């Protein structure tokens, strides 16, 4: 079932992408959940007052969700012990804001259960976070639905902090963004928040000497340390990114590289010279980002908890993908799924557990976060090739139990032993040559010599014949 979801669903989503985005509407919840977007704004505002850094976390969260495989909240799904998810991908190990999304979801479930999707919450929260930091106000249409799968491979390919500029341009181009839109998104996303020392490589690209001293003092070999992304105004959305990137005073390698690459440097200089062009392009880029490969209509689901599928799929196999247990035939037909009878009690119990302890999602999130941070170095370098998960140098195939089932062919050698008996059965033919030796004796006995006795009878009838002489000569020969 997983293979069918992985292979068929993306093709259908790509074909239906324009139609899906057309079904979104800025007034989508006006009748079904009035005030839904106000709830989102209220929670984000409360959390922003407690920690201004949450705005950068929410902005980065929407990018990592939408850029991987569309704005479908697949990044929010918690991994299982034997099933990975986007949340465990290397580029996502330091993503923040999950707890904010969970809090918003809890409030919305109290107000209008099963109506507002987690995908809409993610894009709405990012929009409000930008505005709270002094950024532009922009509209995002609502009506997205949540994914039925979360594939780590989709997120492992996200642009990293040290990606080459040509590769970065190519990645954004594949998603439909122009070079100017790409720079505008980088400038907006990297003008607020902090950067963990773990991701800083001061010697990977030219850097201002004095700024390097600042980074060295803050990090000093501590991967857990951090520095502001924008040293001038870390919690204010503005256009200071362009001057800092051109001056090589940014912590991430990619920001210093775009400030000196022949393709991107002119764009940064143009924005620096005419900053009024920045905000409109950023707004346009964020609106495009928020509708990437969305699920609408009867596709996907509206999750009850953003970190878990409504009907989670249990599996004994190790996999890089988590999927819902929805029947793929019903999914592709756009029908409502019918989970297996064995899974219904578990699903119901999970829902009841959430009602009793709505904060257990946060506990789960913290446990997962602790595990991810503990293995941060290995996770950041991990790669997934051909459905094989590589962790700490050990390969785990998606179907490890297949190997023992392949071992039965070892019985074949025992079955092939009878052919070993065949050579013993073929030994009688070895006796046959001994039986065939009489023909070998025949030439030595020369049966034609037996004919002469018959010829002697002829001698008796003709005693004067000269044949004895040739016989004697034959004897000499």
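Every residue gets a Cβ built from N, Cα and C, even glycine.
Owing to the predicted nature of the structure, the values given are computational and were not obtained by experimental measurement.
What TrEMBL records for this protein:
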type: BINDING; residues: 159; note: substrate binding site
type: COMPBIAS; residues: 432-444; note: compositional bias 'Low complexity'
type: COMPBIAS; residues: 452-467; note: compositional bias 'Low complexity'
type: DISULFID; residues: 33-112; note: disulfide bond
type: DISULFID; residues: 66-71; note: disulfide bond
type: DISULFID; residues: 118-306; note: disulfide bond
type: DISULFID; residues: 197-219; note: disulfide bond
type: SIGNAL; residues: 1-22; note: signal peptide
type: SITE; residues: 60; note: site 'Transition state stabilizer'
From disulfide-bonded residues 33, 66, 71, 118, 306, the one whose Cα lies nearest residue 197 (disulfide bond): 66
CB within-chain contacts under 8 A for residue 112 (disulfide bond), separation at least 6: 32, 33, 36
Proximal but sequence-remote residues of the same chain as residue 159 (substrate binding site) (Cβ under 8 Å, at least 6 apart): 67, 91, 167, 168, 171, 254
Proximal residue to residue 219 (disulfide bond) among recorded positions 60, 66, 71, 306 (C-alpha distance): 60
Cα-nearest neighbour of residue 306 (disulfide bond) within the listed recorded positions, 60, 66, 71: 71
Inter-residue Cα distance where the pair is residue 60 (site 'Transition state stabilizer') and residue 71 (disulfide bond), in Å: 13
Inter-residue Cα distance where the pair is residue 118 (disulfide bond) and residue 66 (disulfide bond), in Å: 13
Other C-beta atoms that fall within 10 angstroms of the C-beta of residue 118 (disulfide bond): 29
Nonlocal residues around residue 60 (site 'Transition state stabilizer'), in sequence order (Cβ under 8 Å, 6 or more apart): 95, 96, 97, 189, 193
